[in-house]
Structures are given as C-alpha cells and as structure tokens.
Amino acid sequence: MKKLNTQSPDFQAGLKALLAFETAQNPETERIVADICADVQKRGDAALIEYTNKFDQTNAKSIDDLILTQADLNAAFERIPNDVQTALQTAARRVESYHQRQKMESWSYTDEDGTLLGQQITPLDRVGIYVPGGKAAYPSSVIMNAMPAHVAGVKEIIMVVPTPKGERNDIVLAAAYVAGVTKVFTVGGAQAIAALAYGTETIPQVDKITGPGNAFVAAAKRRVFGVVGIDMVAGPSEILVIADGTTPADWVAMDLFSQAEHDEIAQAILIGTSQAYLDEVEAAMDRLIETMPRRDIIEASLGNRGAMILVKDLNEACEISNYISPEHLELSVENPQEWAKKIRHAGAIFMGRYTGESLGDYCAGPNHVLPTSRTARFSSPLGTYDFQKRSSLIQVSEQGAQKLGETASVLAHGESLTAHARAAEFRMK
C-alpha cells in the first residue's frame with residue numbers, strides 16, 4: 001500500500017496520483033458493443049439467442065429456453081437452505097422499510113389568484129435490472145435494484161441474468177422471488193442490455209435499466225442511454241476508512257479487505273491520526289491476509305490502488321475525504337454522528353466502529369448501488385426516487401390568466417415569439 005503524509009510537500013501530487021484511474025473507453029469494446037446492439041435492435045429474439053449461445057455457451061433452441069417463470073423462481077427459493085431463505089427475507093424487509101421512507105409524494109397549492117400549482121409523482125411503467133451471473137453471482141444486487149422499484153410502484157420489473165453453460169444460481173433466483181421481480185430472462189452481456197433498451201418480440205422495451213456488469217455491459221448502458229434511462233456506469237469499488245485508533249486493528253483491516261477482494265482495481269484507503277495505529281493495522285493485514293481465499297486479488301488491489309494516509313487531526317481527515325468523495329466512507333471514530341456533519345461527499349457513510357461496510361452491502365437497509373470514481377460530488381445512491389418521475393401541475397384560473405397573460409405576453413414579445421404572446425393575450429379580457 002502507498003504511504004502518504006499530509007505534512008509532506010508532495011502530498012497533493014501523491015493524492016492525485018492515487019485517485020487517478022484510467023477510465024478511457026476501449027475502442028474495440030465500443031465497436032463490438034455497437035455491432036451487438038444494432039443487431040439485436042434489427043433482428044430481435046433471433047440475435048439474442050445467437051449471442052447467448054455464443055457467449056454463454058448455452059444451447060437455446062428458442063426464446064422459450066431463456067425464460068424463467070414465477071414457478072421457477074419459487075422452486076429456486078424452496079431449494080435453498082432455510083438460513084439463506086431467512087437471510088434473503090430479512091435483507092429484503094429491511095431494504096423495503098428504508099426505501100419506503102424515500103418515496104416522493106405528490107403535492108399542490110393554490111396561489112393568491114386561484115391558480116393551482118403542484119407536482120405529480122408517478123412510477124416508471126417498466127424497468128430492467130441487470131444481474132451478473134455464473135460464479136460472480138450477487139443476490140444482494142437483485143434486492144438492492146428490484147426492491148426500490150417495487151416500493152416506487154413499478155408494475156413490471158424485468159431481470160436479465162446470464163447463465164454460463166446453463167448454470168443457474170438458485171440464490172440469485174430466490175432473491176428475485178423475494179424482491180418481487182416480475183419476469184426473468186437468462187440472457188446477459190451487451191445483448192441483454194440492447195434487448196431491454198429496444199425491445200424484442202419477447203422482451204418488452206423498458207423505461208430504465210439498472211444494475212452492475214462487466215465492461216461490455218457498461219459500454220452498452222452508455223450506448224442506449226437516451227433511448228432508456230440508466231442508473232449509472234459504475235467504476236471499481238472503493239472504501240475509505242477514517243480511524244481515530246479506538247477501533248480494533250483487525251476490524252479495520254478486514255473492512256479494507258472487504259473492498260479489495262472485489263477485484264484488482266478496487267480501492268481501499270485508510271486515513272489515521274496516529275502512525276502507530278496505521279502500523280498496527282498494517283501488521284493486522286499482514287497477519288490476516290493468510291486466511292483470505294481471495295488473497296491474490298486483495299494483494300493486487302492494495303498494491304495497485306491502496307493507501308494509508310497520516311493526517312494531523314480528524315478535521316483534516318474529513319477535508320481529504322470530501323476531496324476523495326468515496327463510494328463507502330467508514331467513520332471509525334468516537335462521536336461519529338458529529339463528524340458525519342463535516343462530510344459533504346460520500347455515497348454512504350458508515351458511522352461508528354460497529355458499522356462495518358459489509359453490513360450496508362447486504363442488509364442494513366440503505367442501497368449498496370453507490371456513486372464511484374469521485375462522482376459522489378454530484379450524484380447519489382440508487383433509491384426509490386430513481387424509479388419515480390415528477391410532472392409539474394398547472395391549472396390557471398380566469399383571474400390568474402389576466403395577470404400571468406400580461407407577464408407572458410411581454411416576455412414572449414421580447415423573444416419575438418408572436419404566437420406565444422397571442423396565445424396568452426387571447427385568454428385576457
């Protein structure tokens with residue numbers, strides 16, 4: 001891991017280098033994705049079947065072979081162990097409860113001239129959620145993407161999940177059952193994104209696509225944005241831990257590992273006010289890494305993008321955190337709620353030594369789909385509001401038409417838009 005000290009003259013340069021990440025789009029990936037999207041848009045189900053058989057090594061004869069029914073999802077739920085059933089239901093219940101509190105409501109008021117103004121909230125009609133399949137299967141992603149849509153009132157939630165070599169993950173399908181997914185298609189990659197965006201003979205066009213995926217899925221989401229909405233194009237996972245030395249070093253070490261084990265380009269950063277404590281955490285990491293099944297990935301991640309930063313105090317730690325704008329921020333300090341008030345930019349803030357980031361990933365309640373790559377400066381976690389729309393309401397009274405008409409007429413003439421002005425004037429006495 002890199003070692004930085006805010007008192008060093010080259011600290012700012014070192015911090016910028018630490019956060020630098022090459023996000024340039026791969027031209028070859030973009031070309032392949034463009035061809036796939038165009039083909040699926042043109043040939044629909046036939047193209048989808050061909051690409052699925054090619055990339056996932058399946059043997060689908062027709063689109064019916066790529067459809068899972070509610071009975072299939074229920075059967076998957078029944079096959080998993082009881083403790084896993086309970087865990088899925090507990091997580092779903094907590095996520096639902098949290099996202100119910102995010103739900104936007106319609107409102108209106110009447111001004112002094114009798115004109116009604118307001119905002120009408122409506123859910124999206126149909127959404128698609130992409131879930132990685134095969135060995136890298138994440139049932140938690142199903143719950144985090146589907147449950148907010150369900151809470152928002154989306155009538156049709158369509159899930160696509162690849163099944164390499166026909167391998168279905170029962171826990172993922174059980175999560176779909178628990179989270180209220182309407183339909184499931186066993187397709188993945190750019191071809192699945194294209195099918196959701198443009199529609200095929202069998203897969204209906206959706207209004208928005210959410211969910212994580214590989215580079216081809218990310219490129220496809222970028223390409224279809226505008227035809228449909230998307231949640232975000234997420235970068236590598238990140239964690240930043242601010243520690244005052246009161247949390248056991250082993251706990252912090254494992255929290256850093258929890259993000260580093262995602263992949264070799266994930267980023268784990270520890271900010272501390274004591275060099276002795278940073279050394280203690282480093283020693284814990286050296287000891288605990290021996291027990292990690294994904295040791296190679298963790299070591300590569302920490303070596304590539306990990307860091308320990310020594311600061312003079314917690315105020316400085318918060319300033320640096322706001323600059324980094326991490327996906328996950330752990331405030332492993334005393335009085336965490338007070339320090340949280342100093343945080344302006346973070347996807348999720350985990351307060352106190354008992355609030356491990358992994359609890360938020362799975363079952364605390366808030367969404368684990370979070371902005372990465374410093375985008376927390378201007379964006380937010382996935383939520384119920386992402387599956388709702390706002391429409392403005394205006395009902396002008398006869399009296400209001402006189403006052404507003406005069407104002408609108410003057411402004412319209414100022415813009416040389418005569419029809420606009422006349423439309424307002426016709427309603428004036």
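Every residue gets a Cβ built from N, Cα and C, even glycine.
The annotation in Swiss-Prot ties Q259, H262, H420 to Zn(2+), and of the candidates under consideration, D207, D313, D361, D386, the one tied to the same site is D361.
Going by what Swiss-Prot states, the substrate site holds Q259, H262, H328, D361, E415, H420, and the candidate of S237, S379, S380 recorded there is S237. E327 (active site, proton acceptor) has a Cβ environment of 29 other Cβ atoms inside 10 Å. In terms of local Cβ density within 10 Å, D361 ranks first among the binding-site residues D361, E415.
Of the chain residues outside the NAD(+) site list Y130, Q191, N214, V160, P162, G188, G189, A190, A192, I193, G213, F216, V217, A220 have their Cβ within 8 Å of the site's Cβ mean position. Among the listed binding-site residues, namely H262, H420, the Cβ with the most fellow Cβ atoms inside 10 Å is that of H262.
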